[in-house]
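Annotation comment: Swiss-Prot describes 1-16 as signal peptide. The domain 'Vitellogenin' annotation in Swiss-Prot covers 24-796, and the record cites sequence analysis as its basis. The disulfide bond annotation in Swiss-Prot covers 181-225, 1404-1554, 1426-1590 and is backed by sequence analysis. The region 'Disordered' annotation in Swiss-Prot covers 336-386, 1627-1675. Residues or ranges marked as compositional bias 'Polar residues' in Swiss-Prot: 345-356. Per Swiss-Prot, the feature compositional bias 'Low complexity' maps to 366-378. Per Swiss-Prot, N-linked glycosylation site is recorded for 383, 560, 615, 1284, 1342, 1345, 1460, 1668, 1724. Swiss-Prot lists 1402-1591 with the feature domain 'VWFD', giving sequence analysis as the kind of evidence.
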């Protein structure tokens, strides 16, 4: 057994013996000529480069085989900035270069070796760090490992044979200045002829005299590095050290080295080395790279001599220090000395002597021999080579030590603040003032201003708190009331927040506390902090936490919302996505434990609880949002009691809580997904909560079996809203191609066939996920939750994904939510209008409907407080505005004040979004890529009150500028130069206007005058600008001006620049473009910007639109708009014509009253009823051109005549004459549906007719004429499908049996009246002139979707027949059709039911002895000779106005049976009563008791110009009462009644036999007292008017109903949806469930080790379950005891122990939890049991019966009191 040990020792000794010399012969001096060239360029466009070329001599003296001394002599460099036709490595004649000396120290340095491999470099302490790194770059070329000292075990390894020459292939972990990474070695013998013909590669072929020539190739893999210096900010979270260079990332790096050696692989001489390092930049906005930085370093052996003199004496040796291995090192840029952060010497991977010791010391550098991956997670958190100490990070008053960026190391490796030659503070002040002046003067080019702002922001980032104060004092010397002072403040304010440093935050905090910023300005500023901060250290966050708790925040409007949200976002960014920040530069910025984050979350949770205690809905919403934004698992336990109904909250707030869990679900879908699923599965929960939950659950990518369950359940779920949300979400995801949803999309395709085929209207809850084929915008995410009291959604969220997505969140997010639209409408209506007259009238005389509600004693339901929010979030900032009724009152009051007084609204702001990555190149200088997206917005609008008060005038100025800077290159610290290549894009839009408005309410006229707000001068003013400028440059870092002003800047022009100009009036468009061929002006103007927006087109282009300012006076725009409405009734009825008169000569003048009257006459001719609406608009530039443009449009719908008419008139006139006229009139004769008569509907094919006349020319009467006639009808295929459908056959069978089903026949009647075919015939006098357009229209129809649209045309008869995939559904209340998808013939049986659901409108039908409610509840009813209320509105407790019903909804419908097997129906509209009855075989009408004869065409009742209602006789003889004012339609045939009510007005706002119209059929039997009855006859009797001569069963049933059990309306019932495990607690639930509780607890204990399963949160420490129960109790001071509760004469005990705090501890946090109680009568026995329990006994009550349930506040954890 001792043999292996002895052998190992012998091998160790053998290795220690210097049996070979590797590359260096002791006492020899080697001289290598050094050549370095580094260039950058946008070479995808043109091979134009900027950079430097260096040369010098590296002299190496070999002191021993483990020690070299070196010196770099005669270092020189030259600038290169030119086109190199053969690429970056082209040869440049020396005479064309102007060399300068590099200011190096020239001091010698030492190189330590081990087995021929460089281990450490030692330099004089005073040598600048930039020089050290450059020398490391040069010396690193001599790093060669021919013996596999650092080899990695790999299957591809080929070990060299003992015979010479031999080849080898292996991988090694090798360090260079660019990092310690995996290197692929390929060693091959070099042919002899190459050595003879390539003196550049083998300059001394005779040295040594024996051996062979070898070529050593090295390929560096930057994806597998153990050590790499890197600074990045704003990049995708996946861009870490290990994978930053992977393909398709922003930056990819390649390094290859060719070395030629002579000798053997054990003893050789390095003849030459050539290293090429290429860094390619591919911004996320590009499909291909835009450019590359190239670097080549060559070392060529020049001499080999014996050492003649020594460079180091004792003094020099005492001053040297180790700088570690070859990896780039950093210094303190703010220190006068170097203060280098020194790395460790390189460790040999395979040295037996050292592996046992050194690798243990530095285990994070170890590399698994079984894997080629070199990633190390520990280095990510605790990297020993981080560039800044933790102590400096804690001082938020200090400027950050940001490595590798120009302003921090550009001055000889120091911050530019250290320069003695430049007063950098003064440069900053000058730059700030320049920006302030430029944004004041509109004539300046703002593209330069934005670049100056970026430079200022970057410069301020290098400052400490004292320097910030100096800048503040400088700005304060300007009067803030002046424009210059105001602009200087805006510039400083925004630059400070975008600096994102500790001193910047302290400055902002001081502004807030001193009142320098407040209100909305302060709120906006705080919202930008988490978007801009670069170093959110724990102390930074602590300081922010103190701020949000201070009174200056909590008691200041807007700020008290913005600050907690900004803090929450900062928590998320720091703790959830920490690698977004430069953790590889500063180390992990978050705390290892969770103590602090727990403290922060607890504060937010406490504030939420405080909001509930204060009943402050704004505060509640704010902290729901804030908790959600943190995306921390702890928020689950915070929301738990509210979501489970243990603490009171509104359904709106529960919906927000579910929405707030979305960010967490994206990070830990397996944790949050089950919670969403359980919320969705609770059918007793509000549909708003369920819709939100299921949409977000689907996005968590659940298991296939669960997704199948969700899809299948849409066939059984009673909520159409929830089913709509499921179906729309799945259908959208099916079509998405986003990589992150690929797996989910495949699952959705698999389950789509299980989904209910029913299609849902647009206003149902929906989820849409849309992809964009665009290089910028990637997709759109939309979530909508429908409202119960309006067509508009209650909740809307829209997220826009783009290349600028920030921390996994969409680039832009907008949304809103409101608890009740009806409350909003009532409140705004109350505030905007005076109710005094109406209330006085209501007090003196209540309406019929209000009296009815009083008589029935209808109780209004308890309304929740009005609440809502508006949301906006982007990469620049965010805004969340929660509101309640008080905020709406304030907003309306502010708007009134704004419109009735002189006011000004103004905003000036800079915004910026940036991404940065920087790392050392193999040359030893930093590579830098920066992406900047600055935006400047300046907007101002003035309101000036005029006479009369309806007149206004003012100024509207808007300036929007944006800039995209994509720049890459390198820094040369020794000469303060930044070598840059890049592409800049600029966009500017300016709108300077003056306006005057006048509103004439009496004449219904609105007049607007607009003219440019530009001073008259002889110069032109820019309005828009767009440019793309690729360039190369060399810029001095002290030059803070734009690179376009730099003399060294050269645009990258690929061909001759084409210049074009197009002028139109005062406007001029100028184009400069770099194109490969000459293009037309029109093409450049129209397509130039769109082409340039393509990521592959980065060519030079400029497009400018200018305005000639001397023509300002001529550019006044006048717009005049007049609106009119005329009601058609008997008094103004026009002469009767069966058809619309299409031929009429109209007055052509602007704002012509005669023309409007003539159009009214044309539209109303022959109609019995209707309201004609006319809009007249004229547009002119009277001082610039003579032409005036007139647009007039009119329309009317006549319910009585069943006609819809339109009239369009357009003319161009000048100099009192018409130049061009167009007139189009159209009439549609539509057929009324017969909702109560199926036989008529199925036997009479529905058909609508259309006739349109288009005239155009000099005048309408003398020009061309086109006549279009058409119709809409059922195609034979659709007709056949309907007649043979199961629903139609079933209805026919039931009618024949005399058992007509209301539900079945209603659907069959509705579907029998849809249309799907359009027929058109065109008759034109000049047909040949329109033939081309005609064919284009047909082609468009076919092109749109040939597989769906069946388009047939007959050119000879000019006929078009279109059968489309949609059917037109006639509506009873709306002016035109709804649309539904038509099933194909192959789907007729499976899909016809879907069509039935789509065409059916919500209605209530009273049949012979049944009622079908609005919510589709069918039940038996017997009215008898007693009035029953079918439908009535009732007071909604609107703002405490008792018994008040808005005038527009004072509606009731009553019915009773009569003797002749018929019914009387009473329709109440306001104070009008319409009685419908059957007398003999005729239907009669009485209005307010007066009989009214209904003419054949119907009857109309109006009040002035307002139609109250109309009565129309339908084709089957039934009567239809239509009231568009009240939004209700009643259809009556003498026996049956069908009601249609406007959902926006009456949904969830009615009572009666028709139900409450809330989309739930289970609560339709709701009595006036808000009780639910089970027996329909008793329910119906509660709405019987028993006090009005009531005969029938109603009185007795009403008596029974009053004695029946009152079942309260079931509120939404919450259930336990969050388990202890999901809430992060030890599992205490289910103690009595099953037979294996102990095993289950054990299993849970094992699982709890994983906590929430998310390493980012360090949940292992925070999970309260620990590994077992005892650990939990010990850690959180928890003890379990049986609780005793005394209730009257009972003593109750909890059946399971309840957690409590140990003695001398107090609860840190509590949550409510329900426990079962076992109760005993109070006696001696129970009192004794109580005493023993209180003394600590633990009797087993688990098998005892449960008598009561009680809530206990149980502690989650306890701490010392």
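Just so you know, glycine gets a Cβ as well, placed from its N, Cα and C.
Feature map: annotations from Swiss-Prot on the structure.
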| residue | record | Cβ within 10 Å |
| --- | --- | --- |
| 181 | disulfide bond | 26 |
| 225 | disulfide bond | 25 |
| 560 | N-linked glycosylation site | 18 |
| 615 | N-linked glycosylation site | 10 |
| 1284 | N-linked glycosylation site | 12 |
| 1426 | disulfide bond | 23 |
| 1460 | N-linked glycosylation site | 12 |
| 1554 | disulfide bond | 28 |
| 1590 | disulfide bond | 20 |
| 1724 | N-linked glycosylation site | 7 |
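Residue 1404 (disulfide bond) counts 26 other C-beta atoms within 10 Å of its own C-beta, drawing on all protein chains shown.
Summarising model confidence by region, the domain 'Vitellogenin' (24-796) averages a pLDDT of 86. Comparing residue 1724 (N-linked glycosylation site) with residue 1284 (N-linked glycosylation site), their Cα atoms are 80 Å apart once rounded. Within the set of recorded positions 615, 1404, 1426, 1460, 1554, the entry lying nearest in space to residue 181 (disulfide bond) is 615 (CA atoms). Separation of the C-alpha atoms of residue 1426 (disulfide bond) and residue 560 (N-linked glycosylation site): 60 Å, rounded to the nearest whole number.
Cα distances from residue 1590 (disulfide bond) to the recorded positions 225, 560, 1404, 1460, 1554 are smallest for 1460. Note: the CA-CA distance between residue 1404 (disulfide bond) and residue 1284 (N-linked glycosylation site) rounds to 27 Å.
DSSP assigns residue 1724 (N-linked glycosylation site) to a helical segment in the three-state reduction. Cα to Cα, residue 1284 (N-linked glycosylation site) and residue 225 (disulfide bond) are separated by 72 Å. Residue 560 (N-linked glycosylation site) falls within a helix when secondary structure is assigned with DSSP. In this structure, the C-alpha atom of residue 560 (N-linked glycosylation site) lies 70 angstrom from that of residue 1460 (N-linked glycosylation site). Among the recorded positions listed (225, 615, 1460), 1460 has its Cα nearest to the Cα of residue 1554 (disulfide bond). Each residue contributes its Cα atom, and for residue 1460 (N-linked glycosylation site) and residue 615 (N-linked glycosylation site) those atoms are 59 Å apart. Calculated from their C-alpha atoms, the gap between residue 615 (N-linked glycosylation site) and residue 225 (disulfide bond) amounts to 56 Å.
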